[in-house]
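Asks: Okay, so TrEMBL annotates it like this:
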- 29-51: transmembrane segment (TRANSMEM)
- 63-83: transmembrane segment (TRANSMEM)
- 118-138: transmembrane segment (TRANSMEM)
- 150-178: transmembrane segment (TRANSMEM)
- 210-228: transmembrane segment (TRANSMEM)
- 240-261: transmembrane segment (TRANSMEM)
């Protein structure tokens, strides 16, 4: 009988090892954390200035948009902490043959290459987002949160994380075919920039096609818009389909990225061959 390790046990080992590594270089960890948090705080300051000259952006009031920003920070901090370091390393593992060792382990290869390293410094923005959310929600005029909204919010945040992970791992897997894919990581940052704004701003000759593309083909706009709207703007009937589509988009993204990853592995040639 072949040995099957506990996935939870392996993940907790990754968590512990990553924390030990970061604490070994504490000064670097502190600098990275402060740098990441400072960037997001300055970004928030920019929107504070914008709202001095306009009452809303795409129908989102000041504190509603702060909830949108907090949701963006929640999702991005989790993606950058758990998945970004590993996706960046995958092409290097292909080039140096490190992927050979991952394939020999008695555990799912995608799980192993996706969660091996954790960037603890990236989680600093998670706590900034939590403070911003606590500050903004009570200040939204006329908002009455129900229990189901509060409970569903973290669920949809997690769905957003999984959608971004799916896009990221699919792009990273193409390094098996291409050898190196730095330009594809640039593409990742370009398309995820679209998720940082309410989908209402994508109107007109160019905006509408972009909204359709990044909602139904590459569901980037679903990532932030659905959980943020759920918390800050009660879903009107005309937007209720987004809640259902968010689930469909998450499942579709995970299945699609899994298919791409498996197909890429079938094409992999060992560095020693």
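Cβ from N, Cα, C; glycine included.
Let's see these features in context: how buried, what's close, how far.
Replies: Same-chain neighbours of the transmembrane segment (29-51): 22-23, 57, 62, 65-66, 69, 73, 119-122, 124-125, 128, 132, counting only residues six or more beyond its ends whose CB sits under 8 Å from a CB of the stretch.
Sequence-distant contacts of the transmembrane segment (118-138) (same chain, at least 6 residues past either end, Cβ-Cβ under 8 Å): 14-15, 18-19, 22, 29, 32-34, 36-37, 40-41, 44, 63-64, 66-67, 69-74, 76-78, 80-82, 84-85, 145, 231-232.
For the transmembrane segment (240-261), the residues of the chain that approach it from at least six positions outside its boundaries are 110, 152, 156, 159, 162-163, 165-167, 169-170, 173-174, 215, 219, 222, 225-226, 229-230, judged by C-beta separation under 8 angstroms.
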Asks: Which residues of the same chain, at least 6 past either end of the transmembrane segment (63-83), have a Cβ under 8 Å from a Cβ in it?
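Replies: Same-chain contacts beyond the flanks: 40, 43-44, 47, 51, 56-57, 114-115, 118-120, 122-126, 128-130, 132-133, 135-137, 139-140, 157, 160-161, 164-165, 168-169, 195-196, 198, 223-224, 227-228, 231-233.
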